[in-house]
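Features reported for this protein in TrEMBL:
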type     : residues : note
REGION   : 1-29     : region 'Disordered'
TRANSMEM : 49-70    : transmembrane segment
DOMAIN   : 123-258  : domain 'Peptidase S54 rhomboid'
TRANSMEM : 132-152  : transmembrane segment
TRANSMEM : 164-182  : transmembrane segment
TRANSMEM : 188-209  : transmembrane segment
TRANSMEM : 216-235  : transmembrane segment
TRANSMEM : 241-259  : transmembrane segment
TRANSMEM : 288-310  : transmembrane segment
Amino acid sequence: MATDPSPQIPMRASSKRSNNSIHPVDVKTPPVRTPTPIIYREIKHFKKWIPWLVPAFVVANTVMFIITMYVNNCPKNSVSCVADFLGRFSFQPFKENPLLGPSSATLLKMGALHVKEVVDGDQGWRLITCNWLHGGVFHLLANMLSLLVIGIRLEREFGFIRVGLIYIISGFGGSLMSALFLQSNISVGASGALFGILGCMLSELITNWTIYANKVASFVTLLVIIAVNLAVGILPHVDNFAHIGGFLTGFLLGFVFLIRPQFGWVSQRYAPPGHSSSARPKFKKYQCILWAVSLILVIVGLSLGLVMLLRGVNANDHCSWCHYLSCVPTSRWSCNTEPAYCSSTQLGSQVNVTCSTNGRTTTYFLLGASSSKIQSLCSQQCS
C-alpha cells in the first residue's frame with residue numbers, strides 16, 4: 001500500500017449542506033504590535049538658523065554708500081563729474097576715483113580711517129566706522145557679493161550672534177593692522193571683516209576636523225580661495241594689511257566661537273531613556289587647547305596693537321620688508337600712494353594748480369573756485 005510522504009496538515013472545516021459549500025473555521029490572529037514612533041528632536045548644537053544678519057549688513061553698507069554720495073555732492077564740489085544725470089549722487093572723475101565713488105575728503109568726513117585723526121585727534125571710533133564705508137560702486141559690489149556668498153552659509157550653521165561678533169571684531173583687527181602699517185593714506189571698506197569670515201571658516205574646519213567627511217578637499221579649496229584673495233592685495237591702491245589683519249583675527253576667533261561638540265557626546269546626550277554607554281567628553285583635548293590659546297592671542301594681540309597705535313608707533317620702523325605684503329612694485333605700476341598735495345594761485349577766474357609730487361602745473365578758468373574744487377583738481381593733476 002502506497003503512503004503519501006507529504007506531512008498531513010490537520011484542517012478543521014464546518015459543513016453547511018444548505019449550499020453544499022465548505023468554509024474554513026475563523027482563526028483568531030494575535031494582535032500585531034505597532035512599533036513605537038521615533039520622535040526626532042532638533043539638536044541645538046547642529047540646528048539650522050535663518051540668516052538675517054548678513055543681509056542686514058549688506059543693506060547697512062549700501063545705505064551708508066548712498067548717504068556718502070549724497071554728502072559728496074559732486075556737481076557742487078568738483079569741476080566735472082561722471083554720470084551727471086544722477087545729480088548730487090554723481091561720481092567723482094575717473095582720474096580721481098576709478099571705482100565710481102566719492103572724493104577722499106568726503107570719505108574722511110564720513111569716518112574713513114586716517115592715523116593722524118586717530119592718534120592726534122582722539123578719534124578712535126574711525127577704526128570701526130571705516131568698515132561701513134566704501135570707495136565706490138565696484139568696491140561695494142565686490143565686498144557685498146562676497147559677503148552674501150560666504151556669510152549666509154556661516155550664519156545658517158552657527159547663528160547671528162557668533163557670526164556678528166566675528167564680523168565686527170575682525171573688521172576692527174583689520175583696521176588696526178592697516179593703521180599700524182599704512183599711516184599716510186585713508187582706508188575704507190569691509191574687506192577686513194570679510195577676510196575675517198574667510199579666516200574663521202578655515203579654523204572652523206580645523207577645530208571640527210573629525211566631524212567632516214570630505215575634509216581634505218574642503219581644506220584645499222578654502223586655502224586656494226584665501227591665497228588668491230590675498231595675492232590680489234599686492235596690487236597698488238589695495239589695503240592688504242586690512243585683509244591680513246582681518247584674516248588673522250577671524251582665524252583665531254573661529255577656534256573660540258565655532259567649536260562644536262563631538263558626535264559621540266551629542267548622541268549620548270540625546271539617546272532614548274534606558275540607553276547606557278560610557279561617558280564621553282563634550283570636546284576633544286585639542287579643541288580645548290586651540291580655544292584657550294586663540295582666546296589669549298586675540299585679547300593680547302588687539303590690546304597690544306591698540307596701545308602701539310595710540311602711542312604713534314609706525315610698524316614699518318620695526319619691519320623693513322613688511323610693506324611688500326601690501327604692494328609689490330613692478331615695471332607696470334608704482335606703490336607710491338601718497339596723498340596729493342598742491343599749491344595754487346588764483347587771479348580772478350584763473351586758477352593755477354601745481355602738483356608737489358610731479359611738479360606738473362595746469363591753468364584752469366573757474367568762477368567761484370572753492371577749496372573743495374581746487375582739491376579735486378589737485379587729485380586729478382597728481383594722478
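Glycine is no exception: its Cβ is also placed from the backbone N, Cα and C atoms.
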Report summary line: Quick tally over 132-152, 188-209, 288-310 of CB pairs under 8 Å to the transmembrane segment (49-70) gives the top stretch as 132-152
Query - Closest-packing stretch to the transmembrane segment (288-310), where packing means Cβ pairs under 8 Å, from 132-152, 164-182, 188-209 - result: 164-182
Query raised in the report: Mind checking which residues reach the transmembrane segment (164-182)? Cβ under 8 Å, same chain, six or more beyond either end.
Result: 53, 57, 113, 115, 118, 126-128, 130-131, 151, 190-193, 195-197, 199-200, 239, 241-250, 253-254, 257, 298, 301-302, 305-306, 308-309, 313-316, 322-323, 326
Report task. Determine which recorded stretch among 132-152, 216-235, 241-259 has the most C-beta pairs below 8 angstroms with the transmembrane segment (188-209). Result -> 241-259
Query - Surrounding residues of the transmembrane segment (132-152) on its own chain - C-beta under 8 Å, 6+ positions past either end - result: 51, 54-55, 57-58, 60-62, 64-65, 68, 91, 97-102, 107, 110-112, 163, 167, 188-191, 194, 197-198, 201
Report summary line: the domain 'Peptidase S54 rhomboid' (123-258) resolves under DSSP into 107 helix, 1 strand, 28 coil
Query raised in the report: How does the model score the domain 'Peptidase S54 rhomboid' (123-258) in terms of mean pLDDT?
Result: 89
